[in-house]
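Colleague: The following block contains the structure, expressed as structure tokens.
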Amino acid sequence: MSHYSQAKFNLSAPDISHLSADQGIEVAFAGRSNAGKSSALNRLTRQKSLARTSKTPGRTQLINVFDLDEDRRLIDLPGYGYAKVPMAIKLKWQKSLGEYLQKRESLKGLVVLMDIRHPFKDLDQELIQWAVAADLPVLGLLTKADKLKSGKRKAQLLMAREASLAFCGDVTIHLFSSLNGLGLDNCERVLDKWFGYAQDEELEQE
């Protein structure tokens, strides 16, 4: 059974300061408002409605926390880049997000979800740069990969991996599809490492 299928909703917080105690391990998920973040979380956790999907991009302006166990959490950050969100809210959120990435001790990795057809937009790059500056590893998931044929998919993946070298940090890029599960195993391998699951399993085998 997947570790992630045990995810349970804990709380919704209006900003970083309302999160639970800064202890244990957490991994944050971030992405543009139409990048398919909620669908990816639902696929990862094998739960159809753990993270609420919305036809209206930018609807979720709360931070949602999902517990895997007492010490491990998935953090669902609000989608960014949606034009109808007032500028004052955008700026406040960007400041709060920067502080979270740089100061949160329990944060062990950042998953950035990007539509495979439009990766590395300005805010995606800014987010990755913040994470790299804070010595955080980044997993970039090229979502909606099912929308491209195999050849085009591979070309986009190679292009994105080449582009990621410019960040000069621990940035891994994989394909992902919430629809058919493409790339789920690669995603889980990275998360297992961040959460210490891989280490736990090695100890059990010894």
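Here the Cβ of each residue, glycine as well, is placed from N, Cα and C on the backbone.
Below, the features straight out of Swiss-Prot:
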BINDING   31-38, 58-62, 76-79, 143-146, 176-178  GTP binding site
BINDING   S38, T60  Mg(2+) binding site
DOMAIN    23-197  domain 'EngB-type G'
Colleague: Which secondary structure state does DSSP assign to N34 (GTP binding site), in the simple three-class scheme?
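Modeller: In the DSSP reduction, N34 (GTP binding site) maps to coil.
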Colleague: Within the domain 'EngB-type G' (23-197) only, compute the mean pLDDT.
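Modeller: Looking only at the domain 'EngB-type G' (23-197), pLDDT averages out to 91.
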Colleague: For the binding-site residues N34, S38, work out the Cβ neighbour count at 10 Å and name the residue with the minimum.
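Modeller: With the binding-site residues N34, S38, fewest surrounding Cβ atoms within 10 Å: N34.
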Colleague: Take the C-alpha atoms of G31 (GTP binding site) and S38 (Mg(2+) binding site) and report the distance between them in angstrom, rounded.
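Modeller: Cα of G31 (GTP binding site) to Cα of S38 (Mg(2+) binding site) measures 10 Å after rounding.
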Colleague: For F176 (GTP binding site), what is the tally of other C-beta atoms lying within 10 angstroms of its C-beta?
Modeller: 28
